[in-house]
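Undergrad: Can you read through this structure? Questions will come right after.
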Amino acid sequence: MGQAAWKGFVLSLFDYKTAKFVVAKSKKVGLLYRVLQLIILLYLLIWVFLIKKSYQDIDTSLQSAVVTKVKGVAYTNTTMLGERLWDVADFVIPSQGENVFFVVTNLIVTPNQRQGICAEREGIPDGECSEDDDCHAGESVVAGHGLKTGRCLRVGNSTRGTCEIFAWCPVETKSMPTDPLLKDAESFTIFIKNFIRFPKFNFSKANVLETDNKHFLKTCHFSSTNLYCPIFRLGSIVRWAGADFQDIALKGGVIGIYIEWDCDLDKAASKCNPHYYFNRLDNKHTHSISSGYNFRFARYYRDPNGVEFRDLMKAYGIRFDVIVNGKAGKFSIIPTVINIGSGLALMGAGAFFCDLVLIYLIRKSEFYRDKKFEKVRGQKEDANVEVEANEMEQERPEDEPLERVRQDEQSQELAQSGRKQNSNCQVLLEPARFGLRENAIVNVKQSQILHPVKT
(Lines of atoms letter the chains of each structure in order from A and count residues from 1; the text may use other names and numbers.)
(Lines give C-alpha, C1' and ligand atoms only; values in the text may rest on other atoms or scores of the structure.)
Protein backbone atom coordinates (compact mmCIF):
# COMPACT_ATOMS: atom_id res chain seq x y z
CA MET A 1 0.00 0.00 0.00
CA GLY A 2 2.80 2.38 0.87
CA GLN A 3 4.65 1.62 -2.35
CA ALA A 4 1.53 2.29 -4.41
CA ALA A 5 0.96 5.60 -2.63
CA TRP A 6 4.58 6.63 -3.19
CA LYS A 7 4.30 5.66 -6.86
CA GLY A 8 1.13 7.71 -7.22
CA PHE A 9 2.81 10.73 -5.63
CA VAL A 10 5.83 10.50 -7.94
CA LEU A 11 3.64 10.16 -11.01
CA SER A 12 1.54 13.17 -9.94
CA LEU A 13 4.64 15.34 -10.16
CA PHE A 14 4.57 14.91 -13.92
CA ASP A 15 0.93 15.90 -14.33
CA TYR A 16 0.27 19.01 -16.40
CA LYS A 17 -2.67 21.28 -15.65
CA THR A 18 -4.22 23.44 -18.35
CA ALA A 19 -7.16 25.82 -18.30
CA LYS A 20 -10.53 24.60 -19.42
CA PHE A 21 -13.12 27.16 -20.45
CA VAL A 22 -16.61 26.35 -19.30
CA VAL A 23 -19.53 28.62 -20.15
CA ALA A 24 -21.75 28.54 -17.06
CA LYS A 25 -25.33 29.63 -17.69
CA SER A 26 -25.71 31.17 -14.23
CA LYS A 27 -27.23 34.64 -14.15
CA LYS A 28 -26.18 35.27 -10.55
CA VAL A 29 -22.51 34.49 -11.11
CA GLY A 30 -22.52 36.30 -14.44
CA LEU A 31 -23.98 39.43 -12.86
CA LEU A 32 -21.44 39.24 -10.01
CA TYR A 33 -18.59 38.96 -12.52
CA ARG A 34 -19.75 42.02 -14.51
CA VAL A 35 -20.19 44.07 -11.32
CA LEU A 36 -16.65 43.20 -10.20
CA GLN A 37 -15.30 44.11 -13.63
CA LEU A 38 -17.10 47.46 -13.51
CA ILE A 39 -15.79 48.26 -10.02
CA ILE A 40 -12.21 47.39 -10.98
CA LEU A 41 -12.47 49.44 -14.18
CA LEU A 42 -13.83 52.50 -12.33
CA TYR A 43 -11.10 52.16 -9.68
CA LEU A 44 -8.45 52.01 -12.38
CA LEU A 45 -9.75 54.99 -14.36
CA ILE A 46 -10.94 57.35 -11.61
CA TRP A 47 -8.70 56.67 -8.61
CA VAL A 48 -5.48 55.39 -10.19
CA PHE A 49 -5.29 57.57 -13.29
CA LEU A 50 -7.44 60.67 -12.69
CA ILE A 51 -6.96 61.29 -8.95
CA LYS A 52 -3.57 59.73 -8.14
CA LYS A 53 -2.18 60.31 -11.65
CA SER A 54 -0.25 57.07 -11.49
CA TYR A 55 0.61 57.32 -15.16
CA GLN A 56 3.23 59.96 -14.24
CA ASP A 57 6.83 59.72 -13.16
CA ILE A 58 7.16 61.63 -9.85
CA ASP A 59 10.05 63.81 -8.63
CA THR A 60 10.00 64.62 -4.90
CA SER A 61 13.64 65.73 -4.59
CA LEU A 62 12.73 69.42 -4.44
CA GLN A 63 15.59 71.93 -4.32
CA SER A 64 14.56 75.15 -2.62
CA ALA A 65 15.96 78.50 -1.48
CA VAL A 66 14.14 81.02 0.73
CA VAL A 67 14.89 84.71 1.24
CA THR A 68 12.85 86.77 3.71
CA LYS A 69 12.61 90.47 4.37
CA VAL A 70 10.60 92.27 7.09
CA LYS A 71 9.60 95.90 6.82
CA GLY A 72 7.92 98.28 9.26
CA VAL A 73 8.54 100.73 12.12
CA ALA A 74 7.15 101.00 15.66
CA TYR A 75 7.06 103.86 18.16
CA THR A 76 7.21 103.43 21.97
CA ASN A 77 7.26 105.82 24.91
CA THR A 78 8.08 104.21 28.29
CA THR A 79 9.49 105.45 31.58
CA MET A 80 12.48 103.15 31.28
CA LEU A 81 13.37 103.73 27.64
CA GLY A 82 11.65 107.02 26.94
CA GLU A 83 10.62 107.85 23.39
CA ARG A 84 12.02 105.42 20.90
CA LEU A 85 11.51 104.46 17.27
CA TRP A 86 12.07 100.80 16.38
CA ASP A 87 12.98 99.75 12.85
CA VAL A 88 14.00 96.51 11.12
CA ALA A 89 17.52 96.54 12.57
CA ASP A 90 16.06 96.61 16.09
CA PHE A 91 13.37 93.93 16.01
CA VAL A 92 14.37 91.43 13.28
CA ILE A 93 16.88 88.67 14.09
CA PRO A 94 18.81 87.72 12.00
CA SER A 95 18.73 90.83 9.87
CA GLN A 96 19.90 89.16 6.60
CA GLY A 97 16.71 87.11 6.20
CA GLU A 98 16.60 83.31 6.09
CA ASN A 99 13.99 80.58 6.15
CA VAL A 100 13.91 80.96 9.97
CA PHE A 101 13.65 84.46 11.42
CA PHE A 102 12.43 86.16 14.59
CA VAL A 103 10.38 89.32 15.04
CA VAL A 104 10.57 90.99 18.48
CA THR A 105 7.16 92.00 19.86
CA ASN A 106 7.89 92.50 23.58
CA LEU A 107 10.94 93.39 25.71
CA ILE A 108 12.01 93.37 29.34
CA VAL A 109 14.98 95.75 29.52
CA THR A 110 17.48 95.83 32.39
CA PRO A 111 19.63 98.90 31.65
CA ASN A 112 23.08 99.90 32.81
CA GLN A 113 24.29 96.56 34.18
CA ARG A 114 27.83 96.47 35.52
CA GLN A 115 29.86 93.61 36.95
CA GLY A 116 29.86 93.76 40.74
CA ILE A 117 28.33 92.34 43.92
CA CYS A 118 24.59 92.33 44.60
CA ALA A 119 21.81 90.13 45.98
CA GLU A 120 20.39 87.26 43.95
CA ARG A 121 16.84 87.70 42.74
CA GLU A 122 14.07 86.24 44.89
CA GLY A 123 12.23 83.19 43.68
CA ILE A 124 15.31 81.15 42.73
CA PRO A 125 15.47 78.10 45.07
CA ASP A 126 19.24 77.65 44.96
CA GLY A 127 19.77 81.34 45.76
CA GLU A 128 17.66 81.40 48.93
CA CYS A 129 19.30 81.13 52.37
CA SER A 130 18.82 81.46 56.13
CA GLU A 131 22.46 81.88 57.14
CA ASP A 132 25.88 82.29 55.55
CA ASP A 133 26.55 78.55 55.58
CA ASP A 134 23.79 78.13 52.99
CA CYS A 135 25.83 80.14 50.49
CA HIS A 136 29.04 78.30 49.63
CA ALA A 137 31.57 80.73 48.23
CA GLY A 138 32.57 80.15 44.62
CA GLU A 139 29.50 78.09 43.70
CA SER A 140 27.26 79.24 40.90
CA VAL A 141 23.56 79.69 41.55
CA VAL A 142 21.58 77.02 39.69
CA ALA A 143 19.25 78.79 37.24
CA GLY A 144 20.55 82.05 38.71
CA HIS A 145 22.70 84.98 37.66
CA GLY A 146 26.14 84.70 39.26
CA LEU A 147 28.62 83.16 41.75
CA LYS A 148 27.99 82.99 45.50
CA THR A 149 30.30 85.03 47.71
CA GLY A 150 29.51 83.20 50.97
CA ARG A 151 27.19 85.79 52.53
CA CYS A 152 23.43 85.58 53.11
CA LEU A 153 21.65 88.91 52.71
CA ARG A 154 18.41 89.44 54.65
CA VAL A 155 16.12 92.42 54.65
CA GLY A 156 15.24 93.80 58.11
CA ASN A 157 14.27 91.17 60.66
CA SER A 158 13.42 88.56 58.05
CA THR A 159 14.72 85.05 58.70
CA ARG A 160 14.99 84.24 55.02
CA GLY A 161 17.06 86.05 52.42
CA THR A 162 19.09 85.52 49.25
CA CYS A 163 22.75 84.82 48.68
CA GLU A 164 25.13 87.59 47.74
CA ILE A 165 26.54 86.98 44.24
CA PHE A 166 29.13 88.35 41.87
CA ALA A 167 27.22 89.11 38.66
CA TRP A 168 26.00 91.75 36.25
CA CYS A 169 24.20 94.04 38.66
CA PRO A 170 21.42 94.86 39.09
CA VAL A 171 20.06 91.44 38.16
CA GLU A 172 17.19 91.05 35.74
CA THR A 173 13.75 91.88 37.09
CA LYS A 174 11.02 89.26 37.10
CA SER A 175 8.14 91.60 36.35
CA MET A 176 6.50 91.42 32.93
CA PRO A 177 4.35 94.06 31.23
CA THR A 178 0.68 93.32 30.73
CA ASP A 179 0.75 94.60 27.16
CA PRO A 180 3.30 93.91 24.40
CA LEU A 181 5.84 96.67 23.92
CA LEU A 182 5.65 96.63 20.12
CA LYS A 183 1.92 96.67 19.49
CA ASP A 184 2.45 98.12 16.04
CA ALA A 185 4.24 94.95 14.92
CA GLU A 186 0.86 93.65 13.76
CA SER A 187 1.10 95.89 10.70
CA PHE A 188 4.64 94.80 9.74
CA THR A 189 5.00 93.12 6.35
CA ILE A 190 7.00 90.00 5.51
CA PHE A 191 8.32 89.38 2.00
CA ILE A 192 9.01 85.68 1.36
CA LYS A 193 10.85 84.91 -1.86
CA ASN A 194 11.09 81.24 -2.79
CA PHE A 195 13.00 79.59 -5.64
CA ILE A 196 12.38 75.92 -6.44
CA ARG A 197 13.78 73.36 -8.88
CA PHE A 198 12.91 69.78 -9.77
CA PRO A 199 16.20 68.26 -11.00
CA LYS A 200 14.69 65.16 -12.65
CA PHE A 201 12.72 67.29 -15.11
CA ASN A 202 15.06 70.32 -15.06
CA PHE A 203 12.12 72.55 -14.13
CA SER A 204 12.60 75.80 -12.16
CA LYS A 205 10.22 78.44 -10.91
CA ALA A 206 9.81 81.21 -8.31
CA ASN A 207 6.85 82.48 -6.32
CA VAL A 208 7.34 86.08 -7.52
CA LEU A 209 5.61 87.37 -10.63
CA GLU A 210 7.94 87.87 -13.57
CA THR A 211 7.25 91.47 -14.57
CA ASP A 212 9.10 94.61 -15.60
CA ASN A 213 6.95 96.78 -13.34
CA LYS A 214 9.30 98.03 -10.61
CA HIS A 215 6.43 99.24 -8.45
CA PHE A 216 4.60 95.91 -8.40
CA LEU A 217 6.07 94.65 -5.11
CA LYS A 218 5.67 98.06 -3.47
CA THR A 219 1.93 98.18 -3.97
CA CYS A 220 0.68 94.58 -3.91
CA HIS A 221 -0.30 92.29 -1.05
CA PHE A 222 -0.89 88.57 -0.97
CA SER A 223 -4.39 87.26 -1.56
CA SER A 224 -6.08 84.17 -2.96
CA THR A 225 -6.26 85.92 -6.35
CA ASN A 226 -2.71 87.29 -6.20
CA LEU A 227 -0.53 84.26 -5.47
CA TYR A 228 2.61 85.75 -7.01
CA CYS A 229 2.86 88.68 -4.61
CA PRO A 230 4.34 86.98 -1.51
CA ILE A 231 4.08 90.02 0.77
CA PHE A 232 2.20 89.08 3.93
CA ARG A 233 0.92 91.24 6.76
CA LEU A 234 2.22 89.86 10.07
CA GLY A 235 -1.16 90.15 11.75
CA SER A 236 -2.81 88.23 8.89
CA ILE A 237 -0.33 85.36 9.18
CA VAL A 238 -1.02 85.06 12.92
CA ARG A 239 -4.76 85.08 12.31
CA TRP A 240 -4.53 82.46 9.53
CA ALA A 241 -2.53 80.28 11.95
CA GLY A 242 -5.46 80.37 14.38
CA ALA A 243 -3.81 82.57 17.04
CA ASP A 244 -4.55 85.94 18.62
CA PHE A 245 -1.89 88.53 17.87
CA GLN A 246 -1.98 90.34 21.24
CA ASP A 247 -1.62 87.03 23.10
CA ILE A 248 1.24 85.67 21.02
CA ALA A 249 2.98 89.06 20.96
CA LEU A 250 3.03 89.20 24.78
CA LYS A 251 4.75 85.86 25.45
CA GLY A 252 5.94 84.85 22.01
CA GLY A 253 5.35 81.78 19.88
CA VAL A 254 6.38 79.80 16.81
CA ILE A 255 4.45 79.89 13.54
CA GLY A 256 5.08 77.67 10.53
CA ILE A 257 4.67 79.03 7.00
CA TYR A 258 4.28 76.14 4.56
CA ILE A 259 4.79 76.60 0.83
CA GLU A 260 3.48 73.65 -1.17
CA TRP A 261 4.36 73.07 -4.84
CA ASP A 262 2.30 70.38 -6.61
CA CYS A 263 3.16 70.63 -10.30
CA ASP A 264 1.64 68.69 -13.20
CA LEU A 265 4.26 69.17 -15.90
CA ASP A 266 1.97 67.65 -18.54
CA LYS A 267 0.22 71.02 -18.41
CA ALA A 268 1.60 74.52 -18.96
CA ALA A 269 4.17 75.91 -16.51
CA SER A 270 1.71 78.65 -15.54
CA LYS A 271 -0.47 75.96 -13.93
CA CYS A 272 2.29 75.16 -11.42
CA ASN A 273 1.37 77.51 -8.56
CA PRO A 274 2.46 77.75 -4.91
CA HIS A 275 -0.02 77.10 -2.11
CA TYR A 276 0.47 78.61 1.36
CA TYR A 277 -0.54 77.14 4.72
CA PHE A 278 -0.04 78.58 8.20
CA ASN A 279 0.02 76.84 11.57
CA ARG A 280 1.15 77.56 15.13
CA LEU A 281 3.89 75.09 16.03
CA ASP A 282 4.60 75.76 19.72
CA ASN A 283 2.60 74.80 22.80
CA LYS A 284 -0.24 77.30 22.79
CA HIS A 285 -1.94 76.30 26.05
CA THR A 286 -2.21 79.42 28.22
CA HIS A 287 -1.61 77.59 31.51
CA SER A 288 1.51 75.76 30.37
CA ILE A 289 4.79 76.80 32.02
CA SER A 290 6.63 76.27 28.73
CA SER A 291 4.36 78.32 26.48
CA GLY A 292 5.78 81.21 24.52
CA TYR A 293 9.15 81.94 22.97
CA ASN A 294 11.89 84.24 24.29
CA PHE A 295 15.63 84.69 24.49
CA ARG A 296 18.12 87.23 25.88
CA PHE A 297 20.68 89.45 24.24
CA ALA A 298 22.71 92.45 25.38
CA ARG A 299 24.16 95.63 23.94
CA TYR A 300 27.52 96.66 25.40
CA TYR A 301 28.93 100.15 26.00
CA ARG A 302 31.85 101.86 27.79
CA ASP A 303 31.65 104.91 30.01
CA PRO A 304 34.20 107.77 29.82
CA ASN A 305 36.38 105.92 32.32
CA GLY A 306 36.53 102.85 30.07
CA VAL A 307 34.37 100.71 32.32
CA GLU A 308 32.14 98.31 30.40
CA PHE A 309 28.41 98.21 31.02
CA ARG A 310 25.46 96.82 29.11
CA ASP A 311 21.72 96.88 28.56
CA LEU A 312 20.23 93.40 28.96
CA MET A 313 17.12 92.66 26.94
CA LYS A 314 14.81 89.68 27.31
CA ALA A 315 13.03 89.53 23.99
CA TYR A 316 9.64 87.95 23.42
CA GLY A 317 8.44 87.55 19.89
CA ILE A 318 7.29 85.38 17.03
CA ARG A 319 9.60 82.93 15.35
CA PHE A 320 8.68 82.09 11.76
CA ASP A 321 9.75 78.81 10.14
CA VAL A 322 9.34 78.76 6.35
CA ILE A 323 8.95 75.13 5.25
CA VAL A 324 8.93 74.29 1.53
CA ASN A 325 7.96 70.95 0.04
CA GLY A 326 6.43 69.69 -3.16
CA LYS A 327 6.47 67.24 -6.02
CA ALA A 328 6.27 67.27 -9.80
CA GLY A 329 4.84 64.67 -12.14
CA LYS A 330 5.18 64.00 -15.86
CA PHE A 331 3.83 61.26 -18.13
CA SER A 332 5.99 58.16 -18.41
CA ILE A 333 5.25 54.90 -20.20
CA ILE A 334 6.77 52.71 -17.46
CA PRO A 335 4.38 53.56 -14.58
CA THR A 336 1.50 53.57 -17.07
CA VAL A 337 2.21 49.99 -18.17
CA ILE A 338 2.76 48.87 -14.57
CA ASN A 339 -0.59 50.24 -13.41
CA ILE A 340 -2.45 48.82 -16.41
CA GLY A 341 -0.90 45.44 -15.63
CA SER A 342 -2.01 45.77 -12.02
CA GLY A 343 -5.54 46.48 -13.22
CA LEU A 344 -5.54 43.38 -15.41
CA ALA A 345 -4.29 41.35 -12.46
CA LEU A 346 -7.24 42.62 -10.45
CA MET A 347 -9.52 41.47 -13.27
CA GLY A 348 -8.02 38.00 -12.89
CA ALA A 349 -8.63 38.13 -9.16
CA GLY A 350 -12.28 38.94 -9.86
CA ALA A 351 -12.56 35.92 -12.15
CA PHE A 352 -10.95 33.73 -9.47
CA PHE A 353 -13.47 34.95 -6.90
CA CYS A 354 -16.36 34.16 -9.24
CA ASP A 355 -14.91 30.66 -9.80
CA LEU A 356 -14.98 30.07 -6.05
CA VAL A 357 -18.60 31.18 -5.90
CA LEU A 358 -19.52 28.99 -8.87
CA ILE A 359 -17.94 25.72 -7.72
CA TYR A 360 -18.33 26.00 -3.95
CA LEU A 361 -21.07 28.42 -2.85
CA ILE A 362 -24.09 28.21 -5.16
CA ARG A 363 -26.68 25.41 -5.04
CA LYS A 364 -25.46 23.56 -8.17
CA SER A 365 -21.79 23.92 -7.27
CA GLU A 366 -21.10 20.16 -7.42
CA PHE A 367 -22.43 19.96 -10.98
CA TYR A 368 -20.29 22.90 -12.13
CA ARG A 369 -17.26 21.51 -10.30
CA ASP A 370 -17.52 18.21 -12.19
CA LYS A 371 -17.74 20.10 -15.46
CA LYS A 372 -14.79 22.35 -14.72
CA PHE A 373 -12.27 19.75 -13.50
CA GLU A 374 -11.59 16.73 -15.74
CA LYS A 375 -8.78 14.15 -15.81
CA VAL A 376 -7.43 13.15 -19.24
CA ARG A 377 -5.01 10.18 -19.64
CA GLY A 378 -2.70 9.46 -22.52
CA GLN A 379 -3.01 6.35 -24.78
CA LYS A 380 -0.17 4.57 -23.00
CA GLU A 381 -1.80 5.12 -19.65
CA ASP A 382 -5.10 3.73 -21.00
CA ALA A 383 -3.26 0.58 -22.20
CA ASN A 384 -1.70 0.14 -18.76
CA VAL A 385 -5.09 0.46 -17.14
CA GLU A 386 -6.50 -2.20 -19.49
CA VAL A 387 -3.61 -4.60 -18.72
CA GLU A 388 -4.17 -4.14 -15.00
CA ALA A 389 -7.86 -4.92 -15.50
CA ASN A 390 -7.03 -8.14 -17.36
CA GLU A 391 -4.64 -9.21 -14.64
CA MET A 392 -7.32 -8.67 -12.06
CA GLU A 393 -9.70 -10.74 -14.19
CA GLN A 394 -7.21 -13.62 -14.33
CA GLU A 395 -6.74 -13.51 -10.58
CA ARG A 396 -10.47 -14.12 -10.05
CA PRO A 397 -11.15 -17.00 -7.57
CA GLU A 398 -11.82 -20.47 -9.07
CA ASP A 399 -14.94 -20.93 -7.04
CA GLU A 400 -16.71 -18.06 -8.83
CA PRO A 401 -20.29 -19.09 -9.64
CA LEU A 402 -20.86 -20.73 -12.98
CA GLU A 403 -23.70 -18.35 -13.73
CA ARG A 404 -21.27 -15.42 -14.00
CA VAL A 405 -19.13 -17.40 -16.48
CA ARG A 406 -22.22 -18.09 -18.54
CA GLN A 407 -23.21 -14.43 -18.45
CA ASP A 408 -19.78 -13.46 -19.77
CA GLU A 409 -20.01 -16.08 -22.52
CA GLN A 410 -23.46 -14.91 -23.50
CA SER A 411 -22.30 -11.29 -23.73
CA GLN A 412 -19.45 -12.39 -25.99
CA GLU A 413 -21.87 -14.35 -28.13
CA LEU A 414 -24.11 -11.31 -28.53
CA ALA A 415 -21.11 -9.21 -29.50
CA GLN A 416 -19.96 -11.69 -32.09
CA SER A 417 -23.40 -12.48 -33.46
CA GLY A 418 -23.30 -9.33 -35.52
CA ARG A 419 -20.28 -10.60 -37.40
CA LYS A 420 -22.03 -13.72 -38.74
CA GLN A 421 -23.56 -11.83 -41.59
CA ASN A 422 -20.19 -10.78 -43.00
CA SER A 423 -19.21 -14.10 -44.61
CA ASN A 424 -20.22 -17.73 -44.89
CA CYS A 425 -16.94 -18.84 -43.36
CA GLN A 426 -17.75 -17.22 -40.10
CA VAL A 427 -21.15 -18.95 -40.03
CA LEU A 428 -19.51 -22.34 -40.44
CA LEU A 429 -16.97 -21.70 -37.71
CA GLU A 430 -19.47 -20.61 -35.07
CA PRO A 431 -20.70 -24.14 -34.16
CA ALA A 432 -17.15 -25.30 -33.60
CA ARG A 433 -16.46 -22.34 -31.32
CA PHE A 434 -19.69 -22.98 -29.49
CA GLY A 435 -18.62 -26.58 -28.89
CA LEU A 436 -15.34 -25.46 -27.45
CA ARG A 437 -17.14 -23.14 -25.07
CA GLU A 438 -19.40 -25.98 -23.96
CA ASN A 439 -16.35 -28.12 -23.22
CA ALA A 440 -14.87 -25.28 -21.18
CA ILE A 441 -18.06 -25.01 -19.17
CA VAL A 442 -18.04 -28.77 -18.50
CA ASN A 443 -14.43 -28.60 -17.35
CA VAL A 444 -15.29 -25.80 -14.96
CA LYS A 445 -18.15 -27.88 -13.57
CA GLN A 446 -15.89 -30.85 -13.06
CA SER A 447 -13.29 -28.75 -11.27
CA GLN A 448 -15.96 -27.40 -8.97
CA ILE A 449 -17.23 -30.92 -8.25
CA LEU A 450 -13.76 -32.34 -7.60
CA HIS A 451 -12.63 -29.47 -5.45
CA PRO A 452 -14.28 -30.63 -2.24
CA VAL A 453 -12.86 -34.12 -2.74
CA LYS A 454 -9.31 -32.84 -2.94
CA THR A 455 -9.68 -30.91 0.28
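Any Cβ shown, glycine's included, is placed from N, Cα and C.
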Undergrad: So, in Swiss-Prot, which cysteine from C163, C169 is disulfide-paired with C135?
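TA: Swiss-Prot says the disulfide from C135 goes to C163.
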Undergrad: Among K52, K271, K314, which residue shares the ATP site with K69, K71, T189, N294, R296 according to Swiss-Prot?
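TA: Within the candidate list, Swiss-Prot flags K314.
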Undergrad: Spatially, and counting Cα to Cα, which of the recorded positions is closest to C169 (disulfide bond)? Options: K69, C135, T189, C272.
TA: C135
Undergrad: So if I exclude everything within five residues of the ends of the transmembrane segment (35-55), which remaining residues of that chain have a CB under 8 angstroms from its CBs? That is, six or more out.
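TA: That would be 264, 329, 331-332, 335-336, 339-340, 343, 346-347, 350, 353-354.
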Undergrad: Using only C-alpha positions, which one of C135, N157, C163, C220, C263 is spatially nearest T189 (ATP binding site)? These are the recorded positions in the record.
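TA: Of all the candidates listed, C220 is nearest in space.
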Undergrad: How far is it from C263 (disulfide bond) to C135 (disulfide bond), counting Cα to Cα, in Å?
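TA: Cα-Cα, rounded: 66 Å.
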Undergrad: I'd like to confirm something. Which of the recorded positions, K71, N77, N202, C220, has a Cα closest to the Cα of C272 (disulfide bond)?
TA: N202
Undergrad: Mind giving me a neighbour count for C129 (disulfide bond)? Other Cβ atoms within 10 Å of its Cβ, every protein chain shown.
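TA: Its Cβ shell of radius 10 Å holds 20 other Cβ atoms.
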